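Some notes on the structure that comes next.
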Amino acid sequence: MQIAIDGPAGSGKSTIAKLVAHKLGYIYCDTGAMYRTVTVMALRLGIDLGDEAAIMDQLKQLDIRFVPSADGQKVLMNGTDVTLAIRQPETTNNVSQVSALPKVREDLVQRQRDIAAQNDIVMDGRDIGTTVLPNAEVKVFMIASVEARAIRRHKENVEKGIMTPIAKLEEEIAERDRKDSTRAVSPLRKAEDAVEIDSTKMTIDEEVAEIIALVPKHSA
Ligand code: CDP
Ligand code: CDP
């Protein structure tokens, strides 16, 4: 069983995907965390983010691993814990440049398909329903207003001690949406057979219930 959840930044994908996976006993795969990890790698090595060949040289040997932990999932990059680093503003503001590189996408899409081939899975990202798992049994495209998404991100950031103002977050989110939706390879778009869910005014529980109702054996 494959459940694909796509949508723009801050629409609630990872929160909902994690809960749906937990309820159904499936694996959860956060593909955004993989693009973020490659971004951290390039920034730490001082590689120009447009230098696809140099990034690919390093990515070929990069081990990206999700490890269950008490407070969710840890992300390990060649054994180093990058769970916090991948959420820092510097990573967030550079990830769309790295994720637009065709060879980086090819490499990570293959890794994502390999994970999905071995498990019942909930996978979230931008191109899961369109490219990574085009035959997923359930496809969801999650949206929410830019204002709602910036307020949510602000709340999360404050808990982590990141104090970016809401207006700035709105700008950053709109800019990332623009870049992710207009890139040449696998742009963010709703798959034709995806169900659109607008989470602007929905609670997390309502969204989880709506998605579980789409899963064939749970919909009765
Ligand atoms: O959590 P948030 O929505 O802010 O972002 P994310 O899901 O962690 O994804 C970070 C970035 O990775 C996105 O802005 C995209 O540029 C890229 N991404 C992608 O291109 N394709 C995916 N399947 C997942 C993420
Ligand atoms: O993965 P993505 O960037 O799409 O979003 P997220 O990180 O899962 O969600 C961003 C924030 O929105 C989280 O703090 C969620 O708790 C919150 N959220 C919410 O308040 N109401 C919803 N219906 C969905 C998410």
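From the backbone N, Cα and C atoms, a Cβ is placed for every residue, glycine too.
TrEMBL entries are annotated by machine, without manual review.
What TrEMBL lists as domain 'Cytidylate kinase' is 3-215.
In the structure as shown, the Cβ atom of Ser11 (ATP binding site) sits within 10 Å of 27 other Cβ atoms. Among the features that TrEMBL reports, ATP binding site is placed at Gly7, Pro8, Ala9, Gly10, Ser11, Gly12, Lys13, Ser14, Thr15.
Ser11 (ATP binding site) falls within neither a helix nor a strand when secondary structure is assigned with DSSP, and so counts as coil. The ATP site is set by Gly7, Pro8, Ala9, Gly10, Ser11, Gly12, Lys13, Ser14, Thr15; from the centre of their CB atoms, other residues of the chain with a CB within 8 Å are Asp124, Met142, Ala144, Arg149, Ser199.
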